[in-house]
Amino acid sequence: MSSTSSYALHITLLLLLMAAQGSLGTVFTLVNRCDYTVWPGISSNAGSPGLGTTGFQLPPRATRSFQAQPAWSGRFWARTGCSFDPTTGIGRCDTGDCGSNQIECNGAGATPPATLAEFTISSGNPDFYDVSLVDGYNVPMMIQPVGVRAPAAPPAA
């Protein structure tokens, strides 16, 4: 039987991350609650498979979901003030830029300042997550577990 948990990461781009863990992996849903467009960046840690994209545009009030395999780890961040040429796709961002000069970050991490959401989703072990300011601050962010089921308590002796 697999357990189910969810995480809501509020980046005022409410980077809403919901996770359902177990044999199915984890579903992350990013929600932009900012009143401006953001360009989330995604970086999977070494040994973790990618999520299908490493960067994309997310207009206000828009959502986008990703299925991660069990035992995924990586980070999400919001890039702001981005401008990409519609023909070539070349551009840059004012904050959180990943230096790829494209919407896709292609394995590159955020350039400070960038608020980070970091996750280590474990198979059968506790998950770890945090909002990190190690690379500076560019947007408000919060991670909120939603619908988490704790393991059953051991029987009383």
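Yeah, the Cβs are placed from backbone N, Cα and C, and that goes for glycine too.
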Among CYS82, CYS105, cysteine joined to CYS98 by disulfide in TrEMBL: CYS105
Disulphide pairing with CYS82 per TrEMBL - partner from CYS34, CYS93: CYS93
List of residues, in chain order, with Cβ under 8 A from that of CYS82 (disulfide bond) and at least 6 apart: THR37, TRP39, GLN57, GLY91, ARG92, CYS93, ASP94, ASP97, ILE103
Long-range Cβ environment of CYS105 (disulfide bond), under 8 Å and at least 6 residues apart: GLY41, ILE42, SER43, THR54, GLY55, CYS98
